[in-house]
Amino acid sequence: MSPEQLLALDARHVWHPFTQAAAARPPILAASAKGASITAADGRTYLDLVSSWWVNLHGHGHPAIAAAIAQQAATMEQVIFADFTHAPAAELAARVAALLPGDLDRVFYSDDGSTAVEVAMKLSLQFWSNRGIAGRDLFVGFEGGYHGDTVGAMSAGHSSGFFSAWKGMLFPVETVPFPATWDGDDAVAAKEAASLDALDRLFAAKPGRVAAVLIEPLIQGAGGMRMCRPAFLAALAERVRAEGALLIFDEVMTGFGRTGPIFACQKAGIVPDLVCLSKGLTGGFLAMALTVAREEIYREFLGPDLDRAFLHGHSYTANPLGCAAGLASLDLLLSDACSARRAAIEAIHRARLDDLATRADISRTRLCGTIAAFDVGGSGGSGYGAAIGPRLKAAAFDRGLLLRPLGNVLYLLPPYCLSDEELHRAWDGIGQILAELAG
Ligand SMILES: Cc1ncc(COP(=O)(O)O)c(C=O)c1O
């Protein structure tokens, strides 16, 4: 079929996510992808600076992951995960548990970031009820947090502003301010204190009521790449422990090396009670997620009664192809070559952000691991719907750069295979786009 025919089929039959089809440009027909580049059917290439929605850890089409999937597919593509287990699932669970700190040893498999969060929330509620403790049924999230599109995840992220159409189906979740910070921010300590005070007040007003506090550690992703300091997470963990509630780290985006160490909780020196992982887990090849629980939580689900068990699961739970991809991706992630690339990307980001910081039309430069972000000024306000966002994106696409601003926030979250030359090309392009839009 010709590209024109395929685009006509898409226009007639496909409903794209997060897209206002009445106003959007027609989608780009992707034909192949290798390393950091996506090639379109018309021959144009796009440098994937967002790791295709933050999943492609090592770039596209990595031969080691492709080979691992092919080998697994030839052996066993899928098997029911109740009454059965299999080597890739057992090995992947053990390897992830070994990388996580403390007794985060129990791995529950699900399908994507949203389900990983949904599982963590359901586990929290059932943990308290299995313990025979009534009334611990409230969740606390952070303003601007985003945790996915299922009902629990939407409820936890209700302040992100994405979910007004579904207000009626969400359950109440308390929120406290997130102490977002950036380079040279001299108000950060005051913001952290205000956030912790709000939490203290909430705990004081509702003693023994909070089941769990849920946070994207170090970086709120979809909320605008808003970053906080590791010390804030340590202070938060202390308060949550003192109140006796559970602490859930949603590391769906921050996991697998994005913030520097393999997991953000390591940077903060914290052992949360539950950790949600997805996105980079399979290196971007297959949809899969993990909710990792401390052993103490798992034990609360054991007993003679079926009711005490976690009666939750998905058809494709622990799909062997996804697990094989996860194992191959971990091998790549833990290699010296990958650490060196991540360090190089962070160093280039730092230098280029510092250069950019001299421009009057940008502010709030920030960096955490391989994630760099800044706010772009101009009329049209800020936030996800800021008018500047679509203009920035269109200008980037025209230059062969796949960037998806979050409103007026421009960020780079590249695959670790990105070369120095490619990254400098991206930053040069950003400089040209800003100059063009300013003119
Ligand atoms: C922190 C965080 N949690 C959960 C999700 C939901 O993940 P998914 O889109 O795979 O359901 C996302 C997605 O962007 C996320 O950034």
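Quick reminder: no glycine exception, Cβ is built from N, Cα and C everywhere.
Site annotation for pyridoxal 5'-phosphate in TrEMBL covers Gly113, Ser114, His314, Ser315, and the matching candidate from Asp48, Asp183, Asp250 is Asp250. Proximity of the binding-site residues (Trp53, Ser114, Gly313, His314, Ser315, Arg404) to ligand 1: a Cβ under 6 Å from the molecule is found for Ser114. A gap of 7 Å separates the Cα atoms of Gly113 (pyridoxal 5'-phosphate binding site) and Lys279 (substrate binding site). Ser114 (pyridoxal 5'-phosphate binding site) and Lys279 (substrate binding site) are 10 Å apart (CA-CA, integer value). Taking the Cα atom of each, Ser315 (pyridoxal 5'-phosphate binding site) and Trp53 (substrate binding site) are about 24 angstrom apart. Looking at Ser114, Ser315, the binding-site residues in this record, the fewest other C-beta atoms within 10 angstroms of the C-beta turn up around Ser315. Every protein chain considered, the tally of other Cβ atoms within 10 Å of the Cβ of Lys279 (substrate binding site) stands at 27. Here the binding-site residues are Gly113, Gly313, and the one whose Cβ sees the fewest other Cβ atoms within 10 Å is Gly313.
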